[in-house]
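Listed features, source TrEMBL:
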type	residues	note
BINDING	GLY64, SER65, GLY66, LYS67, GLY68, THR69, ARG177, GLY220	ATP binding site
BINDING	ARG90, ARG111, ILE112, VAL113, GLY138, PHE139, PRO140, ARG141, ARG181, ARG192	ribonucleoside 5'-phosphate binding site
BINDING	ASN145	CMP binding site
Amino acid sequence: MWKRATSSLKSLLSFHITQEGSKLNNAFHCHRFISGSPLHFQEKDVVSPKHMDSVITFVLGGPGSGKGTQCARIVETFGFKHLSAGDLLRKEMVSDSEYGAMILETIREGRIVPSAVTVRLILREMQYGDNRKFLIDGFPRSEENRIAFEHITGTEPDFVLFFDCPEEEMVKRVLSRNQGRIDDNIDTIKKRLKVFEALNLPVIDHYARRGRLHRINAVGTEDEIFEQVRPVFAACEQTAA
């Protein structure tokens, strides 16, 4: 299952990704989602990977499904680099970048930040360090996200984890975690769960059809859940070796 992509990560990033938040403005205007139609990309926006030896795993699940906790265990056990789309957006939100205020308002409303912004933030982080094994947590949250990522990078994830958790359990966990996040309140949680059901489930169905999805029962103790996760990564490491 480890997919050997065909692009150097530095080459992939050098043309499109910069450190300055203002560059996200250009990225946003290059990728528009109009009236539910597919994304329209200009030729210069599509980057084809070349001889990149990276492993990309998407980690999906509703708010409070335990994705972050399990990602920490995966990092510790299998040496992946954890990239949380939500954390990256919150970090950008409090920065002085042009899109900070837009991200703040979007998250407050429980809506999804434009795909181009999120993809650029993720790719910007992927360039740091020598680790080529990535857990991309909380992304893609919509078909728009998925299409944007695949068009920009020219590749798909090697596999996708979906932490399947009942709504009442997710609400209970979010309200009890007390992390001081602006979106950890009952009204926003309900909005986020509605958005998740409407937009994230089609992504999950897509990767299930592609044979890349691993569905994890996210009810139980941290150890019990990780015992479902461990064989997925152990099998892939064995295949790679």
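Note that Cβ sites are derived from N, Cα and C of the backbone, with glycine treated the same way.
Nobody curates TrEMBL annotations by hand; they come from automatic prediction.
Taking the features listed in TrEMBL, we show where each one sits on the structure.
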residue	record	Cβ contacts under 8 Å, 6 or more apart
GLY64	ATP binding site	CYS165, GLU169, MET170, VAL171, LYS172, ARG173, VAL174, ARG177, ILE189
GLY66	ATP binding site	PHE163, CYS165, ARG173, ALA218, GLU222, ILE225
LYS67	ATP binding site	VAL59, LEU60, GLY61, ASP137, GLY138, PHE163
THR69	ATP binding site	GLU222
ILE112	ribonucleoside 5'-phosphate binding site	THR106, ARG141, SER142, GLU144, ASN145, VAL195, LEU199
PRO140	ribonucleoside 5'-phosphate binding site	PHE58, LEU60, SER115, ARG146, ALA148, PHE149, VAL203
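Taking SER65, GLY68, GLY220 as the binding-site residues under consideration, the smallest Cα distance to ARG90 (ribonucleoside 5'-phosphate binding site) is found for GLY68. The binding-site residues under consideration are ARG90, ARG177. Their Cβ neighbour counts within 10 Å are lowest for ARG177.
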